[in-house]
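Quick look at what Swiss-Prot annotates:
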SIGNAL    1-19  signal peptide
CARBOHYD  ASN96  N-linked glycosylation site
CARBOHYD  ASN119  N-linked glycosylation site
CARBOHYD  ASN149  N-linked glycosylation site
CARBOHYD  ASN164  N-linked glycosylation site
CARBOHYD  ASN181  N-linked glycosylation site
BINDING   HIS189, ASP208, ASP274  Zn(2+) 1 binding site
BINDING   ASP208, GLU247, HIS356  Zn(2+) 2 binding site
CARBOHYD  ASN233  N-linked glycosylation site
DISULFID  CYS323-CYS327  disulfide bond
Amino acid sequence: MKLPALLTLGVAASTMVLAAIAPDQVPLNDAKKDELPEKFLIELAPGDTRWVTEDEKWELKREGLKFFDITAEVEQGFLPKVFPTPAVVNFPSELNRTAEVKQLASQLSKENMFNHLTNFTSFHTRYYKSTAGTQSATWLFEQVQQTVNNSLAVKYGAKVETFNHSWSQFSIIASIPGRTNKTVVVGAHQDSINMYLPTIMAAPGADDDGSGTVTILEALRVLLQSDAVAQGNATNTIEFHWYSAEEAGLLGSQAVFSKYKNENRDIKSMLQQDMTGYSQGTLDAGEQESVGVITDYVHSGLTEFIMKVVTGYCDIPFVLTKCGYACSDHASASRYGYPSAFVIESKFEHSSQRIHTMWDTVEYLDFDHMLQHAKMTLGLVYELAFAEL
């Protein structure tokens, strides 16, 4: 996600490094001084590519720039058409499952999200190349597995799998079979980063994107309380994704959707939940609490349906906002031709300024606001699960 506007945090961070380093934490990739640093090909806009080191990646992010890391695509000799026209999907013109969704939504728990996020942010960092990042992914996998195992769905083919990468932190995919292979996807990214010293400094990542991670986990838990969904009677298959290495250039989600494209997977929609917990920026601006519906680099039909979902199932309105190129994992779905959308906690300019620092902690989040994102996620998935797409 974006760079905190308060760059003075960087000065403060540099004076607090020793306090933020875990006792047994050592810098990663401690290469010899005479070795040239590894370089990566990034894309900052359609056709705008450059080779950079990993340190240069973080410098670009500190400047507020977002990008795809497309190194793997080049190495494989394949580059997708940038934002190809997605397959035509006829999203519903109205909400059709109001009674079921509202009954399920009453079971969503702020306490569950708080408890999960408190545990998830207790890892020193969730940096994708770190030991702690692998440990946090393992903890999250166990929570997702337990959520599925505690439902009827486990008896009807639901499963949770790791999606392994060339780096240590894996992505996680929970699948709930439907009557067809047409698939509805919800995603969040599980990794975190401290933009000042990524390999050693604390990166609790409560809002970015611990909030989205636990929001969709809670939506999954409640969704599986539906016997129709759990028993595989929904029209469409449902997947929940937790991506690794979003902060490094959408690496995890690109790997997932590249594989899906090669397998000719029929992905009908993808919603990203990245930063769902901060409302104070909106209130401080004197504006009404709302969720931010992203309008750039997204699928217009899916986005329009999401507006209906927010209006029908949330207690607060939506505002339209933009986040730029490659701003979160939905962009990877779009890159491979799949309809995608993104809903964030507020107007982009009012979102948290503490992200990518040691101060992105649970105490600054609003779990009532996260509950609205959980309602929206649940409503969208349930509606689309039973829709003829």
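Here the Cβ of each residue, glycine as well, is placed from N, Cα and C on the backbone.
Here the features listed in Swiss-Prot are painted onto the structure.
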{"residue": "ASN96", "record": "N-linked glycosylation site", "Cβ neighbours (10 Å)": "12"}
{"residue": "ASN119", "record": "N-linked glycosylation site", "Cβ neighbours (10 Å)": "15"}
{"residue": "ASN149", "record": "N-linked glycosylation site", "Cβ neighbours (10 Å)": "11"}
{"residue": "ASN164", "record": "N-linked glycosylation site", "Cβ neighbours (10 Å)": "12"}
{"residue": "ASN181", "record": "N-linked glycosylation site", "Cβ neighbours (10 Å)": "12"}
{"residue": "HIS189", "record": "Zn(2+) 1 binding site", "Cβ neighbours (10 Å)": "32"}
{"residue": "ASP208", "record": "Zn(2+) 1 binding site", "Cβ neighbours (10 Å)": "31"}
{"residue": "ASN233", "record": "N-linked glycosylation site", "Cβ neighbours (10 Å)": "15"}
{"residue": "GLU247", "record": "Zn(2+) 2 binding site", "Cβ neighbours (10 Å)": "28"}
{"residue": "ASP274", "record": "Zn(2+) 1 binding site", "Cβ neighbours (10 Å)": "28"}
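A distance of 12 Å separates the Cα atom of HIS189 (Zn(2+) 1 binding site) from that of CYS327 (disulfide bond). Ranking the recorded positions ASN119, ASN149, ASN181, ASP208, ASN233 by the distance of their Cα atoms from the Cα of CYS327 (disulfide bond) places ASP208 first. ASP274 (Zn(2+) 1 binding site) and ASN96 (N-linked glycosylation site) have their C-alpha atoms 27 Å apart, to the nearest angstrom. CYS323 (disulfide bond) and ASP208 (Zn(2+) 1 binding site) have their C-alpha atoms 14 Å apart, to the nearest angstrom. A distance of 37 Å separates the Cα atom of ASN96 (N-linked glycosylation site) from that of ASN119 (N-linked glycosylation site). The 10 Å shell around the Cβ of CYS323 (disulfide bond) contains 24 further Cβ atoms across the protein chains shown. When the Cα of ASN119 (N-linked glycosylation site) is compared against those of the recorded positions ASN164, ASP208, ASN233, GLU247, HIS356, the shortest separation belongs to ASP208. The recorded positions recorded for this entry are ASN149, ASN164, ASN181, GLU247, HIS356, and the Cα of ASN181 lies nearest to that of ASN233 (N-linked glycosylation site). Distance from the CA of GLU247 (Zn(2+) 2 binding site) to the CA of ASN149 (N-linked glycosylation site) is 30 Å. Annotated pair ASP208 (Zn(2+) 1 binding site) and ASN164 (N-linked glycosylation site), C-alpha to C-alpha distance, rounded: 22 Å. The 10 Å shell around the Cβ of HIS356 (Zn(2+) 2 binding site) contains 28 further Cβ atoms across the protein chains shown.
For ASN164 (N-linked glycosylation site), the nearest neighbour among the listed recorded positions (ASN181, GLU247, HIS356), judged by C-alpha distance, is GLU247. Secondary structure from DSSP puts ASN119 (N-linked glycosylation site) in a helix. All chains included, 22 other C-beta atoms sit within 10 angstroms of the C-beta of CYS327 (disulfide bond).
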